[in-house]
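**Student:** So that we are looking at the same thing, I have put the structure below in structure tokens.
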Amino acid sequence: PLLHLELALGQCLRKGSIGAWNTISPYLGGVGVGSWMVSVLVSLYYNTVLTWVMWYFINSFQEPLPWSVCPLNENRTGLNEECYESTAVNYFWYRKTLNITPDVTESGTLQWWLILCLATCWAIVYLCTIRGIETTGKAIYVTAIFPYLVLTIFLIHGLTLPGATDGLTYLFTPNLNTLKNPRVWLDAATQIFFSLSLAFGGLIAFSSYNPPKNDCEKDAVTVAIVNSMTSLYASIPVFSILGFKATTGYWDCLDRNIISIINEFDLPEESIMRQNYTAWISSLNSSYPEKIAGLKLKSCDLQEFLDQSVSGTGLAFIIFTQAIILMPGSQAWAILFFIMLFSLGLSSMFGNIEGVFTPLLELQIVSKSIPKELLSGIICLICFLIALCFTLRSGSYWIDIFDSYAGSLPLLVIAFFEVIGVAYVYKIKRFSKDVKWMTGRKPNLYWQITWTFISPLLLLIVFVAFVTLQIQKPPSYAAWNPKYEGFPMKEEKVYPLWVLAICVLLAVLPCVCVPLVALFHLIKRMCRSKD
């Protein structure tokens, strides 16, 4: 329903986000301003992730892969201690890529390799959006279609790997305990907003270029179905490869235990195999419990290895890269994987940049004499300069803050006011007439009920749940600290007050635009009436 609403709104009013909401009511202009701000903030986030992808892509051409082996220590007398205590993959991510500080308050210096990658990424975005929709429309054919090709290749190969079945079983088996956790549903809500680019303003801007009589209802249903099917399709190769990684880790665990038992009891080689390991352990444990206890064997459970899967940057840069190392021809798979990620990130950037670009042209903030090419260049340059803070050694912590606060709560609030604005300010009856004029048919009962009641109610519930969870537990972050006693586990730290203030600012600033703009127009109207 939200997708249909935004597509219909942009197509009907022929304006970007700020212009569209100002047309509906000047009091709702803040909805457009808020979505514009979110587009800017999320663009900074997306392009920083692209920076990391580019860095990994460049390193994918080295043989062996840089994240597959630990380097020597400074004295060259042994392996680097930090790498040895964690893993080569973790070391490459946290030390060689981010060069991360152990605390968010320690900014550190700018990392030159990340600055170069960041500049290159913004240059590519500039070239693809140099003339707005004219160039973006051509570039999207490559960035949208290529990932499907790579996913299909990964799917075919992933299904042939040992453990793929276990990974897929893990994917499609519901975990009721997990489903009871409200955080899961909040993450799902945030994910669908990002996946469909809802409340960013980009959809309204893109649909404003549609023909006036375009069937926007059909577009909304098609895009929603294709989006969900794509997510499902992408999850199959991902979880088949994660299943392969979990199985390999499980086998390694068993093999280490088997070697320890064979050496302790002086048994013939290959007398204990993975297949009969459980039977041997049961037998030896009943006969020689003290000896078995003294070996301090690790608990090997495939389910535990499957549970180690993570999301976000950890999935792409740690878990998945670790799985790729184990695959035959790992270098080729790494190159393919990071090209695919770059294409996906780039196509996401197009919508965000359009959401930033179109309102600036509409509001005539800049002179019409300024060419589009120059305006695009200025936008990209300013974003690049702001994003330099993410190339600091503490940049990863700030990216997590942007992800958690700038791209979650504001989207819920903006989407809520979008639905309320159309349903109760513009009025459903009037909006339905506009949709009928465009599509040739009146929106059915489903659309009208969801726009009027169900969508705002669901958004309100998710918003209240989000705020409740934030209040219950002080916001914290996981720090990579080699001096932490539990290393290589991350150290859980609470944000200091000044960082917490920035978190609140990022979450509240786009939201507060809605009442502030409304208040501004109300005061303006009152002043005019007095005159």
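Note that Cβ sites are derived from N, Cα and C of the backbone, with glycine treated the same way.
What TrEMBL lists as transmembrane segment is 110-128, 140-164, 184-206, 332-353, 374-393, 405-426, 446-471, 497-523. Annotation comment: TrEMBL describes SER195, ASN227, LEU344, SER348 as Na(+) binding site.
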**Student:** Between the transmembrane segment (184-206) and the transmembrane segment (374-393), are there three or more C-beta pairs closer than 8 Å, counting only pairs 6 or more apart along the chain?
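**Tutor:** With fewer than 3 qualifying Cβ pairs, these stretches do not touch.
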**Student:** With pairs fewer than 6 apart in sequence excluded, do the transmembrane segment (405-426) and the transmembrane segment (497-523) have three or more C-beta pairs that lie under 8 Å?
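**Tutor:** Result for the transmembrane segment (497-523) with the transmembrane segment (405-426) is yes.
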**Student:** Which sequence positions outside the transmembrane segment (405-426), separated from its termini by at least 6 residues, show Cβ-Cβ distances below 8 Å to it?
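**Tutor:** 1-2, 5-6, 9, 21, 24-25, 27-28, 30-31, 34-35, 37-38, 41-42, 45, 186, 189-190, 193-194, 198-200, 451-452, 455-456, 459-460, 462-463, 466-467, 503-504, 506-507, 509-511, 514.
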**Student:** Before we move on, state whether the transmembrane segment (110-128) and the transmembrane segment (332-353) share at least 3 Cβ pairs under 8 Å, counting only pairs 6 or more apart in sequence.
**Tutor:** yes
**Student:** For the binding-site residues listed here, SER195, ASN227, SER348, which shows the highest count of neighbouring CB atoms within 10 A?
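**Tutor:** Counting Cβ neighbours within 10 Å, the top one is SER348.
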**Student:** Is the transmembrane segment (374-393) packed against any residues at least 6 beyond its ends, judged by a Cβ distance under 8 Å, and which are they?
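**Tutor:** Counting only partners 6 or more residues beyond its ends, the transmembrane segment (374-393) has Cβ contacts under 8 Å with 40, 43-44, 47-48, 51, 98-101, 106-111, 114-115, 118-119, 122-123, 125-126, 129-132, 353, 356-357, 360-361, 366, 399.
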**Student:** Compute the mean position of the Cβ atoms of SER195, ASN227, LEU344, SER348, which form the recorded Na(+) site, and then list in sequence order the other residues of that chain whose Cβ is within 8 Å of it.
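**Tutor:** These residues sit around the Na(+) site: PHE194, LEU196, SER197, THR230, SER347.
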**Student:** Using Cβ-Cβ distances, find the residues under 8 Å from LEU344 (Na(+) binding site) that belong to the same chain and are at least 6 apart in sequence, listing them in sequence order.
**Tutor:** THR143, PRO147
